[in-house]
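Features reported for this protein in Swiss-Prot:
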ACT_SITE  Asp138  active site, proton acceptor
BINDING   Lys69, 134-142, Lys166, 186-188, Asp194  GMP binding site
BINDING   Asp194  Mg(2+) binding site
CROSSLNK  Lys115  SUMO2 cross-link
CROSSLNK  Lys115  SUMO1 cross-link
MOD_RES   Ala2  N-acetylalanine
MOD_RES   Lys103  N6-acetyllysine
MOD_RES   Thr142  phosphothreonine
Amino acid sequence: MATRSPSVVISDDEPGYDLDLFCIPNHYVEDLEKVFIPHGLIMDRTERLARDVMKEMGGHHIVALCVLKGGYKFFADLLDYIKALNRNSDRSIPMTVDFIRLKSYCNDQSTGDIKVIGGDDLSTLTGKNVLIVEDIIDTGKTMQTLLSLVKQYSPKMVKVASLLVKRTSRSVGYRPDFVGFEIPDKFVVGYALDYNEYFRDLNHVCVISETGKA
């Protein structure tokens, strides 16, 4: 029986890194508190996750399903590593991609209202190994909604990879199969994670400041 892969656990008292140690766009400096996960660490961890995914799912056609918008950077980098492994393997498998968008956030609080945008034609998932790629799992309600939708199409297997999982009292207890980092309950931005569409262009995962939320 498959088990969920371990993650890098970042403690509640993790101080992070001073902004001036990294290249941060000037227009964001006042809006950020600290760098929480540097880009290089994200990439190294993503490379390992790709190996875990291929070990678990690499025996059958994979459909990689990206959760937009926040998941696109992690999705692209994870797939690059998976494709590299696939190219250099004695037994390569076909891989296709699809996209879906879920809306559950308003400002820095989860509203509890989840809207599924797209996914009108997910019949291609039938009989396939489906890898859902998400940027962050907060309460877990959003992912549970998506999983119930995907399973209606009778895939052979469904696994979820998320770059981040928050430790929060609001969690419904859901945990993905592949997790990059388990983090404290802080509002983070960067590496395509946004705050009202800002900060997606940051390379690092950073903690937003109160000024940034204003």
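Placed from the backbone N, Cα and C atoms, the Cβ positions cover glycine too.
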Lowest local Cβ density (other Cβ within 10 Å) among recorded positions: Asp135, Asp138, Asp194: Asp194
Candidate nearest Asp138 (active site, proton acceptor) in space, where candidates are the binding-site residues Lys69, Lys166, Phe187, Asp194 and distance is Cα-Cα: Lys166
Inter-residue Cα distance where the pair is Thr142 (phosphothreonine) and Asp194 (GMP binding site), in Å: 16
Which of Thr139, Thr142, the listed recorded positions, has fewest other Cβ atoms within 10 Å: Thr139
For the binding-site residues Lys69, Ile137, Lys166, Phe187, the one whose C-beta sees the most other C-beta atoms within 10 angstroms: Ile137
Rounded Cα separation (Å) that holds between Lys69 (GMP binding site) and Thr142 (phosphothreonine): 14
